[in-house]
Amino acid sequence: MHVTGWFDSHCHLDLDPLAAGASGYWQQARAAGVMRVLIPSVAPDHWRATQALAQQLPGARYALGIHPWWLDGLEGPPERWAAPLAEALSDGAVALGECGLDGARAMPLSQQLPWLEMQLAVAEQRKLPVVLHAHKAHNELIRALNGYPGVRGLVHGFSGSRAQADDFLSRGFLLGIGGVVTYERARKTRATVKTLPAGSFLLETDAPSMPLAGFQGEPNKPAQLVRVADCVAQLRGESLAALHAAVIAAEVSLFGSHQAGAQVPA
């Protein structure tokens, strides 16, 4: 059975080197069976372009947020950006993000945290899910989420243990599973993916980042999501149709009704 209608839950079509050819890359993805995409923005000076791109591409939706990698260029305290972010989100965004914490950055987590908390508060106010960047900051991120128990969302690029997965799942978050599972050396992540409950995760490319095994050194593209799906289905010992049904249900539970194009033809 050929399965189409996949959803790429995290794809930066608005960033170089994909931005200039975003329409073409998205046409390739749709030809491969990836019919819907979430484009998360990373900084205030990107928001308008991200929104415009998503509105141009069939099956695209978008999120707006402030990524921890882009904090250095922002002026003023985080609270200064709460109102502009809330206003920008009111014009069609389905989520707030990408936001989060990154323990590998030069900026200490103690300085990143107020920016995350501001965004969690805005998400709570706007009743929107969040798209989280989580890297080497698991415990700090969990503590931050504990302060906003009403906020749900997606932990993108998850590569942790089952215990770490359960920390997020128990707080109403889904996990974003991407190209890392295509690497045999990613034993911990692959073992976790095998045991996750159906409907607890979405699939993603994180294009142009996170190239799949065998494609190192190349910009990742949204069409590669079908390879991620193949790998996840094989790891879990389930059919593509069963995986598709579960991730579509998870997509709808978090982001609302999906657009046309989620068919599973024979």
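We number each residue from 1, going along the chain as drawn.
Placed from the backbone N, Cα and C atoms, the Cβ positions cover glycine too.
These figures come from a predicted structure and were not determined experimentally.
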Divalent metal cation 1 site partner of His10, His12, Glu98 (as recorded in TrEMBL), chosen from Asp206, Asp230: Asp206
Binding-site residues compared (Glu98, Asp206) - the one with the fewest other Cβ atoms within 10 Å: Asp206
Residue among the binding-site residues His10, His12, His133, His156 whose Cβ has the most other Cβ atoms within 10 Å: His10
Separation of alpha carbons, His156 (divalent metal cation 2 binding site) and His10 (divalent metal cation 1 binding site) (Å): 7
Minimum Cα separation from His133 (divalent metal cation 2 binding site), reported as the residue among binding-site residues His12, Glu98, Asp206 that achieves it: Glu98
Environment of His10, His12, Glu98, Asp206, the listed divalent metal cation 1 site - residues of the same chain whose CB lies within 8 A of the CB centroid: Cys11, Pro40, Val131, His156, Gly157, Glu204, Ala207, Ser209
